[in-house]
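Look at TrEMBL and you will find B:12-33, B:79-97, B:117-134, B:146-171 tagged as transmembrane segment.
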Amino acid sequence: MGPLIPNGILTNEWNIIIAVLIGLAFGFILEASGFSSSRKLAGVFYGYDFAVLKVFFTAAVVSVIGLYYMDYLGWIDMGMLYVHPTYLWAAIIGGAIMGVGFVAGGFCPGTSLCAVAIGKLDAWVYVFGIMLGVFIFSEAYSVLEGLYNGSFLGNITLVDSFDIPANYIIFGVTIIALVAFFVSDIVRKRIKKVFY
Amino acid sequence: MDKSSENNRHVYWNPYFGGFLLGLLIIFTFYMTGRGLGASGAMKSSVVTLVDKVSHEHTINNAYYSKFVKDDESPMNTWLVFESLGVLAGAFISGSLSGRIGFRVQHSPKITSRRRLVFALFGGILFGLGAQIARGCTSGAALSGMAVLSTGGFITMLAIFGTAYLFAYFFRKNWI
């Protein structure tokens with residue numbers, strides 16, 4: 001069964017059509033959830049709007065439960081799915097740089113594309129900035145190569161890292177998400193409203 | 001513009017509803033393609049293409065660009081580029097339905113649009129740089145990584161949000 005294209009059930013030509021359709025849905029969901037507004041996105045860091053936290057963690061929990069359940073039912077082979085590789089220091093340092101970029105610019109790449117589509121000029125500048133950042137990385141690649149390729153731990157999952165079964169990890173992640181949703185509502189009530 | 005869409009401009013979906021649909025979309029994406037979503041990949045392809053147009057010699061001699069340059073096809077011919085074109089169209093459709101289309105610079109009334117644009121440029125540069133180091137952004141590394149319990153995905157997610165909270169104090173004037 002799944003994944004359909006790697007298993008040859010759908011031909012590779014479908015890949016491009018599916019890419020556009022998935023992108024359409026992705027852009028629509030992000031924009032309709034308010035992710036084309038940098039002021040709404042930044043709210044998560046100041047406690048006046050937790051849409052980012054709620055959308056992001058709901059999506060993560062739904063997708064991980066769904067994928068593992070489909071694997072259990074034999075509809076999809078988890079072993080064939082692409083697991084984002086773990087380069088320990090690259091993940092930490094790259095993530096930290098992205099974090100500063102997020103709170104300074106108010107977008108991440110996906111959300112900035114949505115804002116570009118509805119005419120936010122700050123997002124146009126932001127996307128230009130991302131491209132400059134990619135250019136700087138590429139030109140400085142000889143310096144950054146050690147970080148980029150170093151501390152490689154493989155395409156590991158939390159199941160490998162903690163050596164506990166996936167169902168316990170998924171249950172734990174779900175509980176963390178529910179607690180975060182609950183706490184975020186309490187915090188938002190205590191913080192001065194920001195209108196945007 | 002009629003009054004109802006004027007009032008609805010800032011009414012968005014319930015975040016749990018949006019998150020649920022996004023979760024289903026990630027499942028569908030993995031079910032079809034065996035991989036997750038992404039966003040910064042398309043911008044990388046654009047940079048590679050632009051640099052390749054200016055100097056092909058430079059791209060094949062650079063150890064990073066050369067990974068993405070193929071002799072027989074354009075570096076734009078990747079899954080993520082087509083997906084990102086879909087994102088632009090999908091967001092445009094959603095924005096049109098809610099009356100949110102229009103050229104403007106969105107910023108807090110306490111700062112000038114010039115200041116907003118400077119910080120947007122600076123933030124974009126950092127995000128672009130970080131996304132290359134971590135091999136993906138909030139979509140490709142964090143969200144799609146977490147869907148398959150990737151350790152790197154979780155680390156990147158914690159690093160992004162942890163650092164953003166740490167630095168939020170220094171950028172507060174821009175937002176609150």
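Please read every residue number as a count from 1 along the shown chain.
Cβ from N, Cα, C; glycine included.
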* Between the stretches B:12-33, B:79-97, B:146-171, which one has more Cβ pairs under 8 Å with the transmembrane segment (B:117-134) than any other? -> B:146-171
* Quickly jot the same-chain residues contacting the transmembrane segment (B:146-171) by Cβ under 8 Å, restricted to those at least six beyond its ends, or write none. => 26-27, 30, 36, 119, 134-136, 138
